[in-house]
């Protein structure tokens, strides 16, 4: 009976842990309708605070390259706490958005000028790759944290798309840059990729180290600090519960 009771309580603790972790994975909740940056006078807030005009005008880069213009909290402070952000993408002919992940958000992409080849990797199904050639008006969802890519395989046509994210700071981790531009020891890369030093050197050649992101304002830092706090509290609860019910 004691073991059954402990098992039931342990199951309850695990379920509670799952709920806490699920809540911590999203953007931190805010207690107001919107967040005013610490360097902004609330009495001066007007419609301009909720307006962002650079998504399209800032997206007229080199048509032979991939150009990504973001509207995240870093560019559009009014998004803090709103769990949403946006990006405009212009794919020159033959350009690719390399395999990458967004650790904090799902992505919903809509093509406004196609075609555009997209794909994602399902690690839970032995690395199955799902691809689709999208035409103008088509949409595609990339679940949070899954490796995905976009490729304009046309020879003379520019492709354009917009992406919505379920976080004000979705984050982007480019796999080529993370592996070959981050300073990981060459021996580790050699052994991990089952290749040789010459191949690793060649792969590193075009991967410059990622630029550090600017430090966010104090309001952003305070909100972002909620997430680590939740993890710390969760771990403490877990250890405490395990100790209590074991002994």
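Keep in mind that glycine also has a Cβ here, set from the backbone N, Cα and C atoms.
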(message) Among 148, 194, which residue does Swiss-Prot annotate as binding Mn(2+) at the site that also has 100, 102, 107?
(response) 148
(request) Rank the glycosylation sites 126, 153 by the number of other Cβ atoms within 10 Å of each Cβ, and give the residue at the low end. (result) 126
(message) Within a 10 Å radius of its Cβ, which of these binding-site residues (100, 102, 148) has the fewest neighbouring Cβ atoms?
(response) 100
(message) Applying a 10 Å Cβ distance cut-off over all chains shown, what neighbour count does residue 107 (Mn(2+) binding site) have?
(response) 23
(request) Over the domain 'Cupin type-1' (53-201), work out the mean pLDDT and round it to an integer. (result) 93
(request) Compute the centroid of the Cβ atoms of 100, 102, 107, 148, then list the same-chain residues not in that set whose Cβ lies within 8 Å of it, in sequence order, for the Mn(2+) site. (result) 101, 142, 146, 147, 170, 172
(message) Between residue 148 (Mn(2+) binding site) and residue 126 (N-linked glycosylation site), how many Å separate their Cα atoms?
(response) 15
